[in-house]
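Residues or ranges marked as transmembrane segment by TrEMBL: A:20-41, A:53-74, A:94-116, A:123-145, A:181-205, A:217-234, A:318-342, A:354-375, A:404-427.
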Amino acid sequence: MDVVFLSRLQFGLTTAFHIIFPTLTIGLALYLVIVEFLWLKTREEIYYRMYRFWVKIFAIHFAVGVVTGITLEFEFGTNFARFSQAVANVIAPLLAYEGMTAFFLEAGFLGIMLFGWNRVPRVIHFLSTCLVALGATLSSFWIMAANSWMQTPAGYELVDGKFMVTDFWKAIFNPSFPTHLIHMVLASYETAAFVVAGISAYFLLREKDVLFYRKSLKLAFLLAVMIAPLQVFVGDQKGLVVAHHQPAKLAAMESHWETNTEGGAPFVLFAIPDMEAERNRFEVTVPNGLSLLITHSMNGKIQGLKDFPPQDRPNALITYWTFRIMVGIGFLFPAVMLWGIVLWWRNRLFDTPLFLKTLVAIQPLGFIATVSGWVTAEMGRQPWVVYGLLRTTDGVSPIAAGNVIWSLTLFMFFFALIGASYFFYVLRTLRRGPDLTSPIPPVQRPAGMRPVKDSM
Amino acid sequence: MDLVHLWLCLVGLVIILYVVLDGFSLGVGMLFPTARNEEERDVLMNSIAPIWDANQTWLVFGGGALFATFPMVYTILFSALYIPLLTFIFGLIFRGVAFEFRANSTRKTKWNRAFFLGSVVAVFAQGITLGGYISGTTVVDGHFAGGPFDWLHAFSVMVGLALIAGYSLLGATYLIIKTTGTVQERARRQAFWLALVVGGFMLLVSVWTPVHDPSIPARWFSVPRVYFIWTFPLLGVVAFFTLLKSLMAKKSVTPFLSAIVLFISAYLGLLAALYPYAIPPAVTVLEAASQRETLIFTLWGACLVLPVVLGYTIYSYWVFRGKVVAEEGYH
């Protein structure tokens with residue numbers, strides 16, 4: 001096994017493990033901002049209880065997210081030193097800005113958010129929640145800027161194999177950045193909304209703390225109804241950007257081999273792409289579908305994978321299927337929401353067991369869609385680390401494979417251990433349920449507040 | 001002062017901020033097993049729980065800033081010091097999740113251990129990284145060209161042990177400020193003994209470094225360094241005796257400040273010994289710097305953002321000022 005493969009495997013593994021946690025914290029932070037705002041505005045105690053309950057889930061995710069995120073920052077240097085040296089002028093400042101603007105903001109106010117209830121006035125506490133949410137979102141801004149630059153580099157010139165900046169504005173706001181960022185932020189909001197909805201639905205089915213979980217579900221539901229259809233739209237826009245700037249990636253995502261010369265390109269509904277034979281096995285296609293999707297015309301020309309030399313093609317099997325999984329989930333979510341709206345209309349949102357069971361079942365799908373989307377984006381960029389300009393094989397560190405085998409083994413072992421502990425503590429926090437009785441901190445209590453029972 | 005040297009000072013400042021801030025947090029982690037019961041352990045944990053994450057963020061920024069402004073240092077050193085650096089990260093992972101997992105756990109023993117071991121491993125690996133860095137790196141054509149275990153030798157292990165003592169001292173003096181009663185008494189005793197150990201290590205390093213690398217004393221006695229190099233050991237000696245005196249006089253804040261000054265004196269001595277090399281003995285500061293546009297762009301951020309960050313960090317410390325009590329969690 002060579003250093004390239006091992007380093008990619010390690011980076012992919014740490015990213016996939018890491019991304020689960022910020023995905024939820026970005027979304028849950030928004031949920032907490034809304035909940036605390038409602039508490040301060042309506043003075044209904046239930047919102048305070050909701051905040052204190054969901055913030056526990058937030059805190060556990062945050063802790064794991066932080067430590068795994070630091071790992072990634074180090075891996076640029078340890079595992080991809082040649083890449084890092086080539087691109088340092090362009091994307092390293094973005095990481096520095098992430099540290100300065102986002103990470104500090106989150107870390108600085110998280111303490112007040114978790115421990116500051118007795119120590120600061122309520123407005124400062126609310127402000128802290130907002131700043132943590134802002135920090136989490138800013139974090140994705142910088143990371144997506146760096147990542148989308150690797151997909152569609154801009155604002156640079158190549159001098160002796162090094163990328164020199166000519167225009168930071170263009171480098172940050174590179175062609176794929178806007179859709180890349182919005183797609184990711186919406187994925188976070190969507191994932192968190194379905195997690196809260198799924199957990200709430202589970203306890204509603206068991207008739208535990210019914211009033212509490214109804215309120216939680218309602219809020220998550222409203223969030224999901226707004227975001228799920230929006231995400232489908234943004235996803236479509238993102239597809240157009242990929243088609244325009246990364247045609248080989250699009251061809252792999254759609255498992256499209258031959259460039260259509262006469263008539264439209266078919267949409268491959270189901271297939272097993274075979275890289276060796278350069279064709280699909282058992283394909284089910286929709287005639288003209290791909291042309292319609294990408295060019296919005298029946299006969300639009302779409303480049304096929306065969307247009308690219310074999311050494312420049314991404315792995316179609318992985319890219320095609322991870323993309324299918326993401327898109328499938330992306331459509332499933334708004335479909336379930338549509339069903340929910342109908343139930344809401346009939347005033348049966350909380351007492352349709354099948355709907356609640358569905359919410360429970362689809363709860364983890366947001367994470368799966370996010371990870372699949374990442375794999376699609378990153379595998380689709382291969383064999384390039386900077387699209388079209390620098391090959392991944394030329395980006396790795398000059399280190400011994402044994403180093404990476406050692407670290408990879410430890411990562412797998414530790415991630416398994418931390419992942420298992422994380423599940424254990426999240427499940428236990430959930431099993432214990434919300435605390436509906438302990439006194440509200442005096443500094444925080446708004447005058448004339450209504451207790452839990454009245455407000456529901 | 002030119003842009004590169006301005007950034008050298010800024011990166012240097014960020015690193016010492018990280019060393020002091022995460023140093024005392026890690027130090028508390030290493031003193032963790034000396035707490036007698038679960039309640040005392042809660043006190044130790046709560047003394048750093050609201051601020052450890054902000055402390056550790058200086059590492060994230062330091063890493064990002066180093067990558068942006070001195071990419072060659074970042075890429076060459078991180079390849080050369082692969083194993084100690086990732087060991088450091090593994091330690092930080094366990095130290096970091098222990099805060100949250102321990103608070104959620106009913107059987108706390110294993111997370112107590114993870115917290116302690118994570119802290120010790122992180123600090124020891126950090127010391128070895130530093131020792132390996134000082135000892136020199138093989139560089140060919142701007143890339144690391146040495147072996148995977150170049151960093152492992154008696155000198156780097158000694159630096160690792162010295163850092164364990166040093167951070168524990170920072171942790172103990174911090175606990176004197178934040179605690180009362182028996183916990184405070186114990187921290188005071190620990191600080192006293194640790195101060196002696198740290199003093200011994202600093203003496204040892206001062207003797208061993210010139211033996212280990214003869215080019216360093218040559219730089220010490222070159223102009224203009226020869227005129228001010230003696231101020232650093234002098235500062236160290238003054239800080240050392242202030243520390244001992246303030247501990248015996250049962251002062252609460254002075255020991256912590258003296259310990260910080262002790263660290264700063266060692267740090268400045270080290271920087272003066274290494275300059276103008278960014279990676280001894282191969283790459284100088286000017287060679288390692290990134291392009292001018294990048295330095296300026298990143299400097300804008302640092303000038304606008306860091307004062308604000310410092311402001312709210314101080315505010316956060318102010319919010320959590322005073323002595324800690326065992327029951328102040330959020331669960």
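A Cβ is built for glycine as well, from the same backbone N, Cα and C atoms used for every other residue.
All TrEMBL annotations are machine predictions without curation.
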Next on the checklist: Which residues of the chain, 6 or more past the ends of the transmembrane segment (A:53-74), have a CB below 8 A from one of its CBs?
Outcome noted: 11, 14-15, 17-18, 21-22, 24-25, 28-29, 31-32, 35, 95, 106-107, 110, 113-114, 196, 212, 216, 411, 415, 418, 422, 425-426, 429-430, 433-435
Checklist outcome for this item: Beyond a gap of at least 6 residues from its ends, the CB atoms lying under 8 Å from the transmembrane segment (A:404-427) belong to 1, 3, 6-7, 9-10, 13-14, 17, 57, 60, 64, 68, 71, 78-79
Item to check | the transmembrane segment (A:123-145) vs the transmembrane segment (A:20-41): 3 or more CB pairs under 8 Å | outcome: yes
Next on the checklist: Checking distant contacts: for the transmembrane segment (A:217-234), what same-chain residues at least six beyond its ends satisfy Cβ-Cβ under 8 A?
Outcome noted: 30-31, 34-35, 50, 179, 182-183, 186-187, 189-190, 192-194, 196-197, 200-201, 204, 330-331, 333-334, 337, 340-341, 344, 349-350, 359
Checklist entry - By Cβ distance under 8 Å, which residues at least 6 away from the ends of the transmembrane segment (A:20-41) in the same chain are close to it? => result 47-48, 50-51, 54-55, 57-58, 61-62, 64-65, 68-69, 122-123, 125-126, 129-130, 132-133, 136-137, 139-140, 185, 187-193, 195-196, 219-220, 223, 366-367, 370-371, 446
